[in-house]
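Under the heading transmembrane segment, TrEMBL lists 20-41, 61-82, 379-402, 414-437, 449-472, 484-504. The domain 'MIR' feature in TrEMBL is assigned to 116-172, 186-242, 247-304.
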Amino acid sequence: RPFSASWWFWLSLTGVNLAGAMGVKFVGLFVVLLVGLNTIYDLWDLLGNLSLSLVMFGKHLLARVLCLILLPLALYTAMFAVHFTVLNKSGPGDGFFSSAFQSQLIGNNLHNVSIPEHLAYGSVVTMKNLRMAGGYLHSHWHLYPEGIGARQQQVTAYLHKDLNNLWIVKKQDSDTADLSDPSSPVEFVRHGDIIRLEHKETSRNLHSHQHEAPLTRKHFQVTGYGINGTGDSNDFWRIEVVGRKSGKLIKVLRSQVRLTHVATGCILGSSGKTLPKWGWEQVEVTCTPYLKETPNSLWNFEDHINPKLPNISLDVLKPSFAEILLESHMVMIRVGYGLKPKDNEVTSKPWHWPINYQGLRFSGVNETDYRVYLLGNPVIWWLNLVTIGLYLLIALSTAVTLKRGVQLTSELKELSRVVLCGGGQIMLGWLLHYLPFFMMGRVLYFHHYFPAMLFSSMLTGITWDTLLKFCAGFLSPNTTARKVYGGGFLALVLLIMYSFYLFHPLSYGMIGPMASDPSSPMAGLRWMDSWEF
């Protein structure tokens with residue numbers, strides 16, 4: 001009954017839950033896609049209805065735009081407005097965000113702070129890459145390993161605040177006067193100047209040469225080189241501000257700067273790639289010979305310490321809500337795709353999931369530990385797998401039969417119709433929530449299958465309900481048919497409950513010998529060698 005109160009209620013509730021699904025996890029996008037495909041099909045069907053006027057079709061279209069697009073977007077945005085209001089304090093993840101974003105966080109060193117406005121020689125600074133989650137220019141005492149370019153001090157991009165992010169700005173051809181000396185004049189750094197950056201903690205200069213970068217081929221390696229600020233001509237960098245003329249001053253936080261290596265002509269940048277364990281899983285910094293301007297090769301000065309200069313307030317940096325919303329999402333996406341497995345962490349592949357090939361150890365590794373292990377209920381999991389195979393078999397058989405022109409009996413026609421039509425949307429939901437993971441490059445875990453598992457469980461309910469009714473339909477009287485249907489249903493439920501009873505120690509915790517030990521009470525339940533409980 002289009003446009004009735006109940007029709008509006010269910011359409012609006014669908015929109016509300018789309019916002020909820022997206023608000024929980026980005027995998028909610030697949031639900032949005034499922035509803036979108038259904039809506040397109042629905043509208044196409046309405047458009048083909050010749051008894052429906054174009055005005056009425058327009059009303060249907062507007063109703064869906066209102067309830068399934070505008071309403072979810074408004075609710076989703078409102079959730080993040082609350083999120084930013086409540087979570088307004090500094091934390092260990094501040095470095096993932098831009099300087100402007102950080103200036104809004106209570107407790108962050110940029111919040112309500114005043115710093116010198118223009119960059120000067122002798123200033124102690126941090127440099128932040130403008131790529132989302134690009135990190136701070138960073139160095140430490142560790143050297144690049146043997147066989148990775150020159151064996152010199154590592155230079156990386158680090159996503160957290162750290163003393164090893166501090167650099168001293170110096171002239172190319174002389175030491176800069178001590179900041180504590182009140183008699184030394186202040187000299188500002190200008191667009192086009194050639195400078196050196198000396199790492200404050202290790203006194204080595206930012207350096208590049210024509211050795212290949214660790215991960216990004218055809219880019220040059222960036223290192224820390226020299227002793228107490230004394231190095232060579234490969235330590236010189238030309239500083240340029242995007243969109244500024246030669247000789248202009250460089251503004252802290254607001255100027256987007258590019259550092260060009262004088263000797264090779266390459267540009268300092270963050271590749272966004274995560275280094276192996278020898279690089280402490282920090283982000284690779286390279287010098288790219290490709291002069292295309294991207295956020296990867298642009299930086300801004302964030303922290304700025306120079307007691308000889310007057311300070312200004314950072315209120316001018318305050319970002320809008322839309323900018324904060326966009327940046328937070330870009331950071332979430334980039335960080336999610338950059339996740340790497342931890343030591344001894346069990347990851348999985350998409351083909352593992354439907355067959356319940358491998359679980360996930362939540363806690364405990366020894367016999368004395370209280371052990372919890374995440375594993376799908378084997379009966380439900382494998383029944384779902386059988387059902388998916390059965391559904392695909394029925395769909396394929398029906399298609400082949402119709403193509404050959406073979407007539408089906410009325411009972412088989414009804415069975416195919418109910419299974420395929422009743423389960424078609426559910427099967428599509430399973431495919432949309434499962435197949436995309438085969439194309440993802442990020443680290444994957446067993447729990448990524450859970451939304452798809454819900455769809456496969458619904459498909460199992462629909463299919464077995466239809467099959468039981470189909471089998472019972474051959475029996476008479478009706479009381480016998482009902483008993484067969486009820487008995488089959490009861491057997492299925494009891495089997496699932498018994499399976500839960502057998503495997504419930506996995507969820508509630510186990511102690512004692514491992515399941516691989518024949519004396520363990522769980523030994524008989526290790527049906528697959530890949531189950532590591």
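Residue 1 is the first one shown; counting continues down the chain.
Glycine is no exception: its Cβ is also placed from the backbone N, Cα and C atoms.
Automated prediction, rather than curation, is the source of TrEMBL annotations.
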Listed stretch, out of 379-402, 414-437, 449-472, 484-504, that has the most CB pairs under 8 angstroms to the transmembrane segment (20-41): 414-437
Counts by DSSP class (helix H/G/I, strand E/B, coil) across the domain 'MIR' (247-304): 6 helix, 27 strand, 25 coil
The domain 'MIR' (186-242): DSSP-derived helix, strand, coil residue counts: 3 helix, 29 strand, 25 coil
Interface check, the transmembrane segment (484-504) with the transmembrane segment (379-402), three or more C-beta pairs under 8 A: yes
Long-range environment of the transmembrane segment (449-472) - Cβ separation under 8 angstroms, sequence gap at least 6: 27, 30-31, 350, 353-354, 376, 380-381, 383-385, 387-388, 390-391, 411, 414-415, 418-419, 422-423, 426-427, 429-430, 433-434, 437, 481-482, 484-485, 488-489, 492
Per-region confidence, the domain 'MIR' (116-172) (mean pLDDT, whole number): 92
Helix, strand and coil residues within the domain 'MIR' (116-172) as assigned by DSSP: 3 helix, 28 strand, 26 coil
Residues of the parent chain within Cβ reach of the transmembrane segment (379-402), under 8 Å, 6 or more residues beyond its termini: 354-356, 408, 415-416, 419-420, 423, 427, 430, 453, 456-457, 459-460, 463-464, 495-496, 498-499
Long-range neighbours of the transmembrane segment (414-437), counting only residues six or more past its ends (CB under 8 A): 27, 30-31, 33-34, 37-38, 350, 353-354, 388, 391, 394-395, 398, 408, 444, 448-449, 451-452, 455-456, 458-459, 462-463, 466-467, 470
